[in-house]
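See below for the structure under consideration.
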Amino acid sequence: MRLPFTALAAALVCATALAGSAQAADPIKIGVSGPFTGGSSSMGVSMRDGVRLAVAEINKKGGVLGRQLQIVERDDEAKNEVGAQVAQELINKEKVVATLGFINTGVALAAQRFYQEAEIPVINNVATGTIITNQFNPPDYDANYVFRTSAYDVLQAGMMADEAIARGFKKIAILADSTNYGQLGREDLEKYLKAKGVTPVAVEKFNIKDVDMTAQLLKSQAAGADVILAYGIGPELGQIANGMAKLGWKVPMITSWPASMQSFIDIAGANGNGVTMPQTFIEDQTLPRRKAFLEGYYSTFKVNKIPTPVAGAQGYDSVYLLAAAIQQAGSTSGPKIRAALEDLKEKVEGVVTTYDKPFTKTDHNAITRNMVVFGKVQDGRIVYAKEEDAKNAGVIRVKEKASN
Amino acid sequence: MTIFLQLVASGVAVGMIYAAIAFGYQLTFATSKTLNFGQGEALALGALFGLTLVPFTGYWLMLPLVLIFGFALGAVVERLGVRPAVKIKSEYGWIMATIALGIIFRNVAENIWGRDDLKFPSPLPETALSFEGIRVLPMELLIVAGALLMMLAVELFNRKSIWGKAVVATSNDIDAAGLMGINTRKVITLSYSISAMTAAFAGVLVAPVTLTGATMGAVLALKAFAVAIIGGLESGLGVIVGGLILGIVETLTGFYISTGYKDVPGLILLLLVLAVRPVGLFGKAVIKKV
């Protein structure tokens, strides 16, 4: 009896020692969830590649807490149920420390409650649904584990409406797709316009995969619209631009941010020129930090344009924010990282902005309205829509305190 | 008035897209009383296959290759999905089998071509033509002409060629045709091949106006199914009329009622037809002897 016991004890000691030493060298696992195939894949792939680039840079400099970062990528196919499965796999099987991602608002809402329950922070770097960061607000919950580095919908809708009014348009037509994204956006737009005392002359709906936009456009035209505010994603926004060209009716089109998707540019072609949309990031190399990012992205992934620049930049920045939080927390425990994110001491220099206290306990959105500019489609690229923005490209727009 | 005519013109274009796809349903139903529920996927595969060929062959040379591809695809569907069910006289086996094959085709297409919506190069200029204020894309005219030509060609084949006559004979009375020495099994295979061929052709025809992708057929095939039922599943003329009705009703509803209710009147029409005349507007009412 004696011998086996000693052997067992020895084995145990060995095993613990092994596990201990493995712990020190173990990489820090970070989950990445996004659609890498499918209709919104240009956003998902850009985001993922931005994340990959940032992780490679950090690892080259020695990683975080002396450990390398390791990303675990999973394709959520833009489907809510797949997103929920991915979340459970990343949490329970891969045991990630935090997760970055979510392109689609629906997927974010379906998946992030698992992170909330497991007390693992998740940073939304593309999805824009306003409710995303408000789902687990205190005091209903002890702490909110959901953060965001993208411009949320209420903010975008307000910008679109203000832009239309500022440019002197009186008769506004709203076109929105029939998904949650489009209809929530339409609501935000209508609410905002109402507050400004403007009633849109037409409010029309279209379905994903709709072939023909004639009815929607003719109604807007018959109502005398002098501008179109469109809330949808790349392919259908492209069909609207093409439909206007077909009808020979040309009024300015201001859309939600997905008109910067590659699919919009491909589908609308020349008809897309001049369409404007809110953007947090424009591919412009004035600042050395952005120049280095763009050069790194182009050469690593062998492209001459980021398919969806905003998604790439926000994905890239989300890694640096998370790394800074882990560093500050000095640990990979979820609650500690969350606390660090809510009170980041160090300024994090990203490509969208330099983050100076991006989050607080009550504000989990890193982007405020002053940080978002209008982009414009021009010959296959997104450029600054306004000259003053282009001129100020070298000025970093930092977060306004307490404006969220 | 211009607005009304513009809506009708756009409705006709959309309606002919539906009709071109619905035509394929009608072909197989006539011979075997079965349908290919994977018709939308055949459409998507045809369009994607065409899209891959275009850079090498150009638009016009691509067409015959897509036709051959569709022909082969139809034969595969019939052999794997329909024949086993027909052989054992299963009433519903072919439904599940063709749906299953459709899902497999879609997944294969997603793996090969990805799931992005792609732009199909238009063989015609993309600027609209104006007829007294009514604006039409050249591609929309090509869709109408191409779909009509395709149906005409199939009709001619059925009336003039020996194989076509066998198809007609099988449609009229499969048992009698079998007794007269017609290989009805081969005829059914042939009808599936022609059906998938028309779907693949419709795919490349509509792709420059719709978008190209593995899921492009999902909505279109469903609408086409409604068209086939409205027009009558056994009538070629029926699907054209049914398609035009649905297309025009959709655009008119979108404008005069609400774009949110665009799809509703088509479905109401479908229910009405089923209630009043279940064989469709142009279907032949036959009494099934048991």
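Including glycine, each Cβ sits where the backbone N, Cα and C put it.
For the transmembrane segment (B:43-73), the residues of the chain that approach it from at least six positions outside its boundaries are 21, 105-106, 109, 112-113, 118, 120-121, 123, 193-194, 196-204, 206-207, 212-217, 220-221, judged by C-beta separation under 8 angstroms. Here TrEMBL flags B:43-73 (among others) as transmembrane segment.
For B:94-114 (among others), the entry in TrEMBL reads transmembrane segment.
Only residues 6 or more beyond the boundaries of the transmembrane segment (B:134-157), in the same chain, are considered here, and those with a CB under 8 A from a CB of the stretch are 2, 5-6, 9-10, 12-13, 16-17, 19-20, 23, 27, 122-126, 128, 163-164, 194, 198, 201-202, 205-206, 208-209, 236, 240. Marked as transmembrane segment by TrEMBL: B:134-157 (among others).
Marked as transmembrane segment by TrEMBL: B:187-207 (among others). Note on the transmembrane segment (B:187-207): residues 17, 20-21, 23-25, 27-28, 30-32, 36, 39, 42-51, 62-63, 66-67, 69-75, 77-79, 82-83, 86, 120, 142-143, 146-147, 150, 154, 157, 163, 166-167, 170, 177, 216-217, 220 of its chain, located 6 or more positions outside it, place their CB under 8 angstroms from a CB of the stretch.
For the transmembrane segment (B:237-258), the residues of the chain that approach it from at least six positions outside its boundaries are 3, 7-8, 10-20, 22-23, 25-26, 148, 151, 223-224, 226-231, 264-266, 269, 280-283, judged by C-beta separation under 8 angstroms. TrEMBL lists B:237-258 (among others) with the feature transmembrane segment.
Annotated transmembrane segment per TrEMBL: B:264-287 (among others), in sequence order. Counting same-chain residues at least six beyond the ends of the transmembrane segment (B:264-287), those with a Cβ under 8 angstroms from any Cβ of the stretch are 223, 226, 228-235, 237-238, 241-242, 245-246, 249-250, 253, 257.
Residues 34-42, 44-45, 48, 51-52, 77, 80-82, 84-86, 213-215 of the same chain lie 6+ residues outside the transmembrane segment (B:94-114) yet bring a C-beta within less than 8 angstroms of a C-beta in it.
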